[in-house]
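Engineer: What TrEMBL records for this protein is below:
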TRANSMEM  131-156  transmembrane segment
TRANSMEM  163-183  transmembrane segment
TRANSMEM  189-213  transmembrane segment
TRANSMEM  249-267  transmembrane segment
TRANSMEM  279-297  transmembrane segment
TRANSMEM  338-362  transmembrane segment
TRANSMEM  369-386  transmembrane segment
Amino acid sequence: MAGSLLPVGKAVLRSRQPSNCYTFNADLQHPKSIPILPPYKKRVKQNNTLNKSVLLSPLVCQYRLKPVSSLDSDVPRPIDQSSEDLKSSESFKQWDSLTAKFAGAANIPFLILQLPQIILNARNLLAGNQAALFAVPWLGMFTGLLGNLSLLSYFIKKRETEVVVVQTLGVVTIYIVISQLAMAGSMPLPHYAVTSVVIACGLAVNFMNYFHLLNPIIWRYWEDFITIAGLSALPQVMWSTFIPYVPNTILPGAVAFVLAILAVFMSRTGKLPEKGIKFVGSISGWTATLLFMWMPVSQMWTNLLNPDNIKGLSALSMLLAMIGNGLMIPRALFTRDLMWFTGSTWACVFYGWGNLVCLYCCKVISREFFLASTTAFVAWLVFSFWRDTQVYGYNSPLKSLKELISGS
């Protein structure tokens with residue numbers, strides 16, 4: 001319904017501040033008509049539609065941290081946090097930012113992780129002391145290299161730029177060490193040649209995918225390849241570590257190879273249920289983590305068999321490994337990425353601290369160096385879990401650990 005208004009005279013607008021007083025005169029004119037407002041229910045419906053469109057807009061950040069199921073650790077997903085109070089809390093935002101900075105800072109120790117070992121190997125090679133390089137098992141380095149390459153694909157798929165740099169540095173530096181081992185005769189040349197081809201192809205495929213230059217079909221084939229390769233290599237590498245105490249056979253790898261091909265084929269042809277397809281999709285990431293985790297086991301087994309060759313290890317490399325992986329533990333715990341947390345923690349405990357134990361027992365490092373490293377490592381773990389518990393508002397760190405494992 002339209003209506004008419006009476007004419008209104010001039011209005012005077014004044015500021016309330018005396019020092020800045022001013023006068024504004026304007027003729028106020030009434031509108032010719034007032035449009036009819038829609039019924040209340042219709043207006044409510046329009047407002048709800050508007051609110052829905054605004055809330056679903058990509059400009060509105062809806063995602064925060066959500067626990068990730070252990071089976072889904074390698075599936076890229078937006079980070080969500082259901083609790084609005086938790087999401088808006090200052091402590092949550094600060095810890096979110098700080099853990100990201102910790103993960104980024106891990107690039108520094110990983111950048112120079114293998115440099116002491118590379119320099120030590122180069123000195124031994126120049127001195128003609130090839131036997132010292134046999135203290136570094138090529139099989140353990142190979143598992144770490146294959147694990148780093150597979151994890152590179154995992155983090156590229158998740159678009160974790162800082163960790164992509166870490167994994168790339170790991171691939172390059174470990175490959176340099178493997179090249180030195182091949183020069184010393186520790187690693188067979190045919191194995192080294194095949195490894196070189198795989199590393200070159202893997203780096204090319206991964207970075208073409210990162211910069212969106214790769215056909216998705218090729219990336220799918222690459223994922224199938226690392227799934228089959230990782231699942232085949234893992235049992236074979238584990239078995240070969242204990243030769244000559246076990247028969248020298250390729251049976252574990254052959255059986256795993258057949259099972260891996262069967263699993264991938266059934267997954268791609270849709271002959272598996274949804275959970276089965278999800279499980280096969282997670283194999284590549286978990287086999288990469290397990291390969292990476294087996295690297296320190298192989299090293300410690302070599303230390304046990306040949307304690308005299310422990311002097312060929314670099315204590316600084318072990319310390320840097322512990323620092324680099326330790327810096328990523330808070331972020332992995334905060335994002336509830338079980339696979340990331342497992343790999344980082346295992347590398348800290350067994351590759352970093354475990355080899356420091358071996359060096360200390362053989363009197364290669366001082367007692368003060370070992371105790372300081374151990375104390376700092378334990379304090380960092382306690383701080384990470386304590387801070388995570390405080391940020392999430394839990395009473396016990398076991399709650400954080402439960403969410404990390406179960407995703408709920």
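Note that Cβ sites are derived from N, Cα and C of the backbone, with glycine treated the same way.
Help me picture these features in the structure, burial and contacts included.
Structural biologist: Counting only same-chain residues 6+ beyond the ends of the transmembrane segment (163-183), those with a CB under 8 A from a CB of the stretch are 103, 106-107, 110-111, 113-115, 117-118, 121-122, 125, 133, 136, 138, 141-142, 144-145, 148-149, 151-152, 155-156, 189, 192, 195-196, 199, 202-203, 210, 324, 328, 340.
Sequence-remote contacts of a segment are chain residues at least 6 beyond its ends whose Cβ falls under 8 Å from one of its Cβ atoms, and for the transmembrane segment (249-267) they are 224, 227-228, 231-236, 238-239, 276-277, 280-281, 283.
Remote same-chain partners of the transmembrane segment (279-297), defined as residues 6 or more beyond its termini with a Cβ less than 8 Å from a stretch Cβ, comprise 71-75, 140-141, 143-144, 146-151, 153-154, 223, 226-227, 230-231, 233-234, 237-238, 241, 260, 263-264, 266-267, 272, 339, 342-343, 346-347, 350-351, 354-355.
If one looks beyond the transmembrane segment (369-386) by at least 6 residues along the same chain, the residues whose Cβ comes under 8 Å of a Cβ in the stretch are 315, 319, 322, 326, 329-330, 333, 348, 352-353, 356-357, 359-360, 397, 400-401.
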Engineer: Under 8 angstroms for C-beta pairs, at least 3 of them, ignoring pairs fewer than 6 apart in sequence. Is the transmembrane segment (189-213) in contact with the transmembrane segment (131-156) by that rule?
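Structural biologist: Contact between the transmembrane segment (189-213) and the transmembrane segment (131-156): present.
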